[in-house]
Structure formats: C-alpha cells, structure tokens
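This report refers to the structure that appears directly beneath it.
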Amino acid sequence: MYAGPAAAAAAAGPPRRDFISVTLGPEEAVGAGGYNNSKAWRRRSCWRKWKQLSRLQRSIILFLFAFLAVCGVISYTSMGEAWKSLTNKSLDDQRTEQEIPGVKLANPAVLPAPQKADANRGDYPELSPQKQPNPPHVRRGPSNLQIKAPQRDTRLKTRHSTLRAVGEPVQTDKREKTEKSVISWRGAVIEPDQNTEPPSSKIKEPEKPSSVETEDQKEPVPINERQLAVIEAFQHAWRGYKDFAWGHDELKPLSKSYSEWFGLGLTLIDALDTMWILGLKEEFEEARKWVANDLVFDKNVDVNLFESTIRILGGLLSTYHLSGDSLFLEKAKDIGNRLMPAFKTPSKIPYSDVNIGRGTAHPPRWTSDSTVAEVTSIQLEFRELSRLTGDEKFQKAVDEVMKHVHTLSGKNDGLVPMFINTNSGQFTHLGVYTLGARADSYYEYLLKQWIQGGKKENELLEDYMRAIEGVKKHLLQRSAPRKLTFIGELAHGHFSAKMDHLVCFLPGTLALGAHNGLEADHMKLAEALIETCYQMYAQVETGLSPEIVHFNLHAQKGHKDVEIKPADRHNLLRPETVESLFYMYRFTGDKKYQDWGWEILQNFNKYTRVPTGGYTSINNVQNPSNPEPRDKMESFFLGETLKYMFLLFSDDIDLINLDKYIFNTEAHPLPIWVPA
C-alpha cells in the first residue's frame, strides 16, 4: 500500500530548526544603520520619505512653503512701514509743539502761502511784486457764520482781517531741496515751486480752517470811498435779486421777474464769495441758508458742463476756502460727481451738456463738437476738488483732456481752432483762430494751471508761451489814428481787425505771467493792450464798451480807432476789462488803472442801473439818451464785475493775495498748491 508525503514526514519526527546568534556593540550598530534617535539618523530618514513622495506631491509642498515665505515678507514690510510712519509722525508732532506751542497745524482747506518761485525778480525792475506774507500767528477768520451785521466800519474791519488771514502761512520746518531749473522759453529761467503730492485715491475728511488769535496781527487797511461805492452798487443789485428773483438763476430788473437757465440759483452762488470779500455778512448768511435748505442738484435738468463748473463748482469751492464752512464743500462734491458723466466719450473729450439728475451726457443737438475753450477751462476747479476730497478721478479726467490737446495737430504756432470733436478727439473747423469766444479761456487756463500746480507742469507752460508767440506773429496789429495795439482774428489766412470784449482778459493774464517770472515783454504787451481795452469804453458815447469792435487800420477823416456794427453794440455788464485793470494796478501800482475803473463804474450806474433794484444789460452803447435796456442782469455782474471793481480800488494787496490765490475764469479765487 502506498503512503503519501504527509505520512512519511510524520514518521520522521519533528522538523529541525537552526539558529545563529550575533551580538553587536553600540558603535557597530550605529555604523550598520541602526536606530538610535540621533539628528543625523532623523535627517536620513526624512530624506528617504521625501524621495518616496511623487513629483506632484513634492511640487505642491514646495509651492506652499514659497507662498508662506512671500506672505511673511509682505507682512513684515507693511508692519515696518506702518511703524516707521507712526514713529515719524510722533517725532514731527513733538517738533511742532516745540516750535509753535498750542497751535494745531491741521488745515487742508485753507492753504499755506506758496514759496516764491520768481527768484530772478531783479531782471524785471518795472514790476511791483506782491508783499511777503505776514508772520504766521494770525486770526483765521470767522468759522461761525451766524453773524448779525454790525455797523459798517466794524464789519469791514472784520472782513479785511479775515481775508488777510485766509491762506496765511503757518511756520513749518524748512527743508532744502535741489531742483532743476526749468528753461521755459528762449532761455528765460523759471524756478519751480516745491512739488506737491498728487491727490490720493483715498477719501479724506476735510477739516475746517482753524481760528488762531494773535496780538501782532496786521492792522486792516481802511475802506475807501470808491470801495464803498462798489458795496452800495452790489447791495442795490442784490436787493433787486432778492425781491424779484430769489433762488432763481438771473434777475430781470425791468419786469421785476426772473429767468431760468439751469434752475440752480446761479446769481446767488456766483455772488457768495463776493459778499464774503465785501464784508456783507447779513447777505451772506441769508444766502447760505438758501444753499443749505433749497439748493438741490438731484434734478432732471440739462446743464452746460463749462458754465456750471466755473460758476457753481468754482463758486462753492471758493466760498468754502474763504469761509471754512464745510457745507459748501459738500455741495461742491455733489455737483462735481454729477458732472462726471460728461467725460464718458470715445475720446475722453467731454460732452457739452450733462443731465445732473439722470446721470447722462450728450453733445448739442446740432453737432458732436465741443468748443475748445469749454473743455479746457474746467481744470482749475476739478483739480482743486480732487485735492480737497482725495478722490483723483476729477483731476484725472481733466488732465487727460489737456494732455490730449497738447498732442493734437491743427494748431498754428500754438493757436488752437475753436471746436473739437468728442468722438474723434480731433480739432474741427480748422483755419480759424481767435482769442475771443470759444477759445479765450484755453489760453488763460494754460498759465493758471501751471501756477496752481506749483509751476511743475512744463507742458502747460510750453503751450502757453508758444501761444503768446503765435498771438504776436498772427493776431497782433495797430489801429489808426492812435496806434492802439489790438488782437484780431485769423480766418484761413485772412486777418480780421475784429476784437471781442472777451479778449480783454489777456492784459491781466500777461501781467500775471510776468509777475510769476515770465518774459518782461509780456508786461509791456499787457500795458499796451489794457490801454486799448480802456479806449473801447472811452471812445464810445456812453463810456461803455460794446460786445465786439472793429479797428480801423488806416486813418480816415472823422473816424476813430474803434468802429461798432449795429449787431455788436450791446453791453452785457462784462468783467474782462475791469479784471485786467485789477491785475495791472496790483502789479504796477499805477493809479490811472483805478481811475479808468472808476469811470466804468460811474457809467454803469448812469446807463444800466434800474431804480427798483438791479442793473440791466443794454442794447445800444452808442445812444446815451436811450441805451435800450435788455431787462437782464447776468450772474457774472455780481460774481465778477463788482468783485474785481472792489479789489481794483483796494490798496491792500493781502486782500486775495495773488501769490496765494489764482482766480478761475468766473473770478472765484482758489488756493495755489504748496506742500503742507
């Protein structure tokens, strides 16, 4: 019988097992790779585990480590900067307290006085520069506007103290900076003011101007008889507006009613800073209450971008700076935001009209063009709004316009056409050049933006200087028989001896440029042109200038230098000549400019004053017996004409000091930017 393998194994007995015993010493065990919890052993173990991971796993782990490292570096840098800033601020505060005990130096609304930039003033001995600012400890003016009108003398003293104080410098650390001189034009060296920080995109809450009392305050300059006459004229005009047009845009003094343009109280807003400057506190407080309670911009109404910017936005910003009342800044921010849709065009050249209630904008119905003057004469106001609010969108929008215009072709030695297309961004209607309507304030704002920004934006200065050379080359002529220097127009190569009254802004602008260090011959040209603007009044039967004149180029028996066409003989109570007279007197001290202004005021009173209140435009400056009143008082008569009259007759150069303020094209003073 056959037995299987299992049976055979059982018969053989239990299996044999062999063992080998090996004893290792400690050192030998380590050398053989045994575990003893040492650092070297752990490193080799980790490395083996790392090598066992897949490539994807190793990549993810490395990425996480790198990400954590970057986050750590960023966090460390941020905390370091914050700590450094806090430390520096603390040190600055300590230094300030040591220098000016008890004075808080937080005042973004009312700016310090600018550094003098015209270091080469000795090159222009014929100019009379503005006085140096008064010492710092001055009274900042009434922040509490609930003031009942005192007697006139007391009230006017308060006003003068206030206006000299607004914008006075507070003593801070002087820091030496080395900056390159700007070779502006034909070798004329212009030293730039200290740079200003660009507006931050972060909104900052503005502060009211602080009120600082001092014993060494400068005595107020007394009000003279001519200034009192301006105050009386303003009060007469205001009485008509208050009685018959309160809260509406413009007074119709003959019919004792009003006219509406935007329905936003244009005359009232335009006149706010004039009342403050004239010291009319009762009238100012009354108008302030209307602004607080009744001025509403949430209206389904189309407004002109340019007019609402220079009159409303400019008026509110100016009044905020003079009074320190944040109500006006809040209203300025409101209207500024509502005007921004105008810039939503393919070319960034803004539309002319904005619906401030709906937030839409459009060009005029008959064209897609905007006028060059309008799109380039809103910059002072929007730039200042950015500086005050910290919101850079306002300045960015208007700066883009200027940079675009700077690069455009179609100019003629710096002179620009009158129209620009909002779609293509190109000039249209080429070949026509004027310093009158539709182009005038483009040239004015080139210079004033340069001054406002601390004389740093060289493109603006270059464009201005080139344009003045273009004026001399193409538009400057002399009349007969008195050889009056005037500015004509150029149309497709043909010169026209036509000059708008609007062009009379130019003497003042030229004088302002010369005062800020530009060529001395600009002042000589200003003197010649202001004589011409005065003759546009003096050679007319009523002593009032027409809207447009034509000059005789050749002497003719029985003819004066000035010829007036029937369609051009109206007078709208315009300010341009009085504006330039103010600049000329402020910079030269020549009393004849005050006398010329006094003649103009007397003729306004004689031919345009309405007995029941207000002043009226007239249709015929050549007919003293019947000047044909038009029954309309433009808002700029209170906002500009009477304001410049009052400043012209003042001998106090600190009353809106031109080294601290720049006037917009509606006579609203805005601060010149300087480092805080």
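Placed from the backbone N, Cα and C atoms, the Cβ positions cover glycine too.
Per TrEMBL, the features are as follows:
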ACT_SITE  E307  active site, proton donor
ACT_SITE  D440  active site
ACT_SITE  E547  active site, proton donor
ACT_SITE  E576  active site
BINDING   T665  Ca(2+) binding site
COMPBIAS  171-180  compositional bias 'Basic and acidic residues'
COMPBIAS  202-219  compositional bias 'Basic and acidic residues'
DISULFID  C504-C533  disulfide bond
REGION    107-220  region 'Disordered'
TRANSMEM  59-79  transmembrane segment
- [ ] Pull out the active-site residues from the set E307, D440, E547 whose C-alpha sits within 10 Å of the C-alpha of E576 (active site).
- [x] none
- [ ] Sorry to bug you, but what's the C-alpha spacing from E547 (active site, proton donor) to C533 (disulfide bond), rounded to the closest Å?
- [x] 12
TODO: Would you find the one among the recorded positions E307, D440, C533, E576, T665 whose Cβ has the most company, meaning other Cβ atoms within 10 Å?
DONE: C533
Task: Chain-internal residues, separated by at least six, CB under 8 A from C504 (disulfide bond) - done: L529, I530, C533, M536, E576, T577, E579, S580
Task: T665 (Ca(2+) binding site) and E307 (active site, proton donor), distance between Cα atoms, whole Å - done: 10
- [ ] Take the C-alpha atoms of the residue listed as 'Ca(2+) binding site' and D440 (active site) and report the distance between them in angstrom, rounded.
- [x] 10
Open item on the list: Between the Cα atoms of D440 (active site) and E547 (active site, proton donor), what distance do you get, rounded to the nearest Å?
Closed with: 14
